[in-house]
């Protein structure tokens, strides 16, 4: 296995995850800002590793596997942390919706790949918008410098949940013929 800069960025994102969790729970006033900063750095590497892999023609099978895994683990852990912090339905409901969608679509992609139809459920533009809304909302909910940022984060978290459902319906619609084929 050959390591290149895009793959190393993805590995760096994975390595940041335990530090992100530890910093989140530090009993100091700067903990929310530091946790949000670590999350943002990790989120930027998610965009940057894919960009560099395509730009430098350094895509690898290992990188293609690890990138979505690192992304989903980072986001799921961030959702668990903000859900635990807020301990209210208005954060838990969108988080549960987004986590459920990721499980459903991951299973759908795997199944479609077995059928040789992976491109039928490739990432769409709405998925990219959803991811952006999700990352920004999570960063705001982690940072929470004031009540207005928290309200904006919760509102954007709901927007991300709606986009999550929309993109899931698009993926299921694209795979409908195969899903219903007996």
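Residue numbers in this text run from 1 along the chain shown.
Glycine too: its Cβ is placed from the backbone N, Cα and C atoms.
Per Swiss-Prot, these features apply:
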- 2-13: topological domain 'Cytoplasmic' (TOPO_DOM)
- 14-38: transmembrane segment (TRANSMEM)
- 39-61: topological domain 'Periplasmic' (TOPO_DOM)
- 62-82: transmembrane segment (TRANSMEM)
- 83-87: topological domain 'Cytoplasmic' (TOPO_DOM)
- 88-108: transmembrane segment (TRANSMEM)
- 109-146: topological domain 'Periplasmic' (TOPO_DOM)
- 147-169: transmembrane segment (TRANSMEM)
- 170-182: topological domain 'Cytoplasmic' (TOPO_DOM)
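Through the fold, the transmembrane segment (147-169) approaches residues 90-91, 93-95, 97-98, 101, 104-105, 124, 126-127, 129-130, 133-134, 136-141 of its own chain, all at least 6 residues removed from its boundaries and within a Cβ separation under 8 Å. For the topological domain 'Periplasmic' (109-146), the model's average pLDDT works out to 86. Using a Cβ-Cβ cut-off under 8 Å and counting only residues 6 or more beyond its ends in the same chain, the topological domain 'Cytoplasmic' (2-13) has close neighbours at 42, 45-46, 48-50, 52-53, 56, 58-60, 62-63, 66-67, 70-71, 74.
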